[in-house]
Ligand code: 3PY
């Protein structure tokens, strides 16, 4: 039985005062809903998460990491730095990183490897664009994105990743995949995982991302292969984020 996991992706939002209100609102409302929860925040706010969340049920993480350990890489954040501030998770290959920072499947795979080596759980994001879906390429695209990561991992490491299916056409657009569309993609991804490690495929959490909100979370998370959510806009309001966690 896989435990549900709900991760808020704050993207480039927040400020110290608003973060304190949001984090304390979430923590106050967490009530053994049967799901794990976390927030992935901009790097400057990792210290704030550590200070305000240590000892609570809410974990935290980064939104990206460097493939390098240290050195002359201006603007980059190393895995060890995320760990230094208590991060548990790190997003790898969010579609916005792939689109705006030209992150290739190979680079995303390297990031997942580096995250695992540092003791972080990589949340590997995959998803097709609208044009790719309309061209019938969804499975080819998400398979290639996942396969690059699987090729880079040792067989036993597969169990240590989290996967997120985020159809690009549903991110920040208000459009949500129907539960059946999402379930079909999740089942397909689980089968891809199974080709590398069948036992791990049964335990890896596959999150749905793309305009998940309290109103649609229950139906999405009722699907057999949907193990939680990677939440964008709705993660910026404590009641909405809690509403999604409660829908588990
Ligand atoms: C969204 O739902 O908008 C996301 O991109 C979550 O990562």
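Here the Cβ of each residue, glycine as well, is placed from N, Cα and C on the backbone.
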Residue among 29, 34, 172 sharing the substrate site, where TrEMBL lists 9, 10, 11, 211, 232, 233 as binders: 172
Fewest other C-beta atoms within 10 angstroms, as judged across 11, 94, which are the recorded positions: 11
Tertiary neighbours of residue 166 (active site, proton acceptor) (same chain, Cβ under 8 Å, six or more apart): 94, 95, 125, 126, 127, 208, 209, 210, 230
Any further residue of that chain within 8 Å (Cβ to the Cβ centroid of 9, 10, 11, 172, 211, 232, 233) of the recorded substrate site: 171, 231, 234, 235, 236
Binding residues 9, 10, 11, 172, 211, 232, 233 (substrate) - maximum C-alpha distance in whole Å: 14
Sparsest-packed of the listed binding-site residues (9, 233) - C-beta count within 10 angstroms: 233
